[in-house]
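Asks: My questions will all concern the structure given below.
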Amino acid sequence: MSIAPEGRRLLRIEARNSTTPIEKKPPWIKIRAKMGSEYTELHALVKREGLHTVCQEAGCPNIYECWEDREATFLIGGDQCTRRCDFCQIATGKPAALDRGEPLRVAESVRTMGLKYATVTGVARDDLDDGGAWLYAETVRKIHELNPGTGVELLIPDFNADPDLLAEVFSSRPEVLAHNIETVPRIFKRIRPGFRYERSLEVITRAREAGLVTKSNLILGMGETREEISQAMRDLYEAGCDLLTITQYLRPSRLHHPVDRWVKPEEFVELGREAEEIGFAGVMSGPLVRSSYRAGRLYRQAIERRKADAKS
């Protein structure tokens, strides 16, 4: 294999990855579809109105639970990212021109779907002078404007930890500001060459200093050790991270990083307990957990924790 599906030549790392066949999933990696009344109603509405969510387009295994809670995730900034992470299925390339009407359309979709909580994520836009900071901030502002009772979780790139760009994003006051470190320092550069571990921690620290509830994610099965996971959790907590999700890496294609190991469910339980002992206000840990899984519930846990801390 020397040509990518979109017709370009493979990167050297993609060619190396492609020599490893797609791994067989263990029996505990299963999607259990439970279609409740809220999910059924929302699914019909999304289809009827022609709306687009990451939940459907990425085939998220948690769509049944999240939609039952009236929660959904939206991708902004286009479908081409200016950076390439070795686990991510979003294409890397030259993005289309900035669509300044997108924030309003997303907000209208949130209103049409009657969402209680919306997660907004997006691609890195290093081609723009502001890295897309206005787009992220304006999307939060429009959602709040059109949906006063809806919570918004904003999952952002690092904006190179530029204080002015981060301030622009933070000023939109999302209920939760998320930035995912995804993996441990030893393999970080290979997995996320466009990012830096310490810089990602700095983003979380700055968000916490701005008074926001903060969140991050760790993906397991890409070559890290158990000790490194524990240290990464401590690094996040010390950086000011309130909420943490821990998940299993599922390889999108042969061009992506091979799965190093399948983490057993009991290890996820142990890691969840360890994270709670470290002090995180809310933790979701499991093979099919994703960073936006039960996002509204985790946010409420963080608020309750802050209230309790204020009283003590």
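From the backbone N, Cα and C atoms, a Cβ is placed for every residue, glycine too.
The [4Fe-4S] cluster 1 binding site annotation in Swiss-Prot covers Cys55, Cys60, Cys66, Ser292. The annotation [4Fe-4S] cluster 2 binding site is assigned in Swiss-Prot to Cys81, Cys85, Cys88 on the grounds of sequence analysis. The domain 'Radical SAM core' annotation in Swiss-Prot covers 67-281.
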Asks: In whole Å, how far is Cys85 ([4Fe-4S] cluster 2 binding site) from Cys60 ([4Fe-4S] cluster 1 binding site) when you measure between their Cα atoms?
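Replies: Cα-Cα distance, Cys60 ([4Fe-4S] cluster 1 binding site) to Cys85 ([4Fe-4S] cluster 2 binding site): 19 Å.
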Asks: Measure the Cβ-based neighbour count of Cys66 ([4Fe-4S] cluster 1 binding site), defined as the other Cβ atoms within 10 Å of its Cβ.
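Replies: Taking all protein chains shown, Cys66 ([4Fe-4S] cluster 1 binding site) has 25 Cβ neighbours within 10 Å.
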Asks: Anything within 10 Å of Cys81 ([4Fe-4S] cluster 2 binding site)? Look among the binding-site residues Cys55, Cys66, Ser292, comparing CA atoms, and list what you find.
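Replies: Close binding-site residues: none.
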Asks: Would you mind checking how many other C-beta atoms are within 10 angstroms of the C-beta on Ser292 ([4Fe-4S] cluster 1 binding site)?
Replies: 29
Asks: Given a separation of at least six residues and a C-beta threshold under 8 Å, show me what packs close to Cys55 ([4Fe-4S] cluster 1 binding site) in the same chain.
Replies: Asn62, Ile63, Cys66, Trp67, Ala72, Thr73
Asks: Roughly how many Å separate the Cα of Cys85 ([4Fe-4S] cluster 2 binding site) from that of Ser292 ([4Fe-4S] cluster 1 binding site), to the nearest whole number?
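Replies: Taking the Cα atoms only, Cys85 ([4Fe-4S] cluster 2 binding site) lies 19 Å from Ser292 ([4Fe-4S] cluster 1 binding site).
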Asks: Have a look around Cys85 ([4Fe-4S] cluster 2 binding site) and count the other CB atoms within 10 A of its CB, chains all included.
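Replies: Within a 10 Å radius of the Cβ of Cys85 ([4Fe-4S] cluster 2 binding site) lie 21 other Cβ atoms.
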Asks: Judged by the number of other CB atoms within 10 angstroms, which among Cys60, Cys81, Cys88 is the least packed of the binding-site residues?
Replies: Cys88
Asks: Look up Cys81 ([4Fe-4S] cluster 2 binding site) in the DSSP assignment and reduce it to helix, strand or coil.
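Replies: Reduced to three states, the DSSP call for Cys81 ([4Fe-4S] cluster 2 binding site) is strand.
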Asks: Between Ser292 ([4Fe-4S] cluster 1 binding site) and Cys88 ([4Fe-4S] cluster 2 binding site), how many Å separate their Cα atoms?
Replies: 15
Asks: So what's the average pLDDT for the domain 'Radical SAM core' (67-281)?
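Replies: Mean pLDDT across the domain 'Radical SAM core' (67-281) comes out at 95.
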Asks: For Cys66 ([4Fe-4S] cluster 1 binding site), which of the three DSSP-derived states applies: helix, strand, or coil?
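Replies: Assignment for Cys66 ([4Fe-4S] cluster 1 binding site) reads helix.
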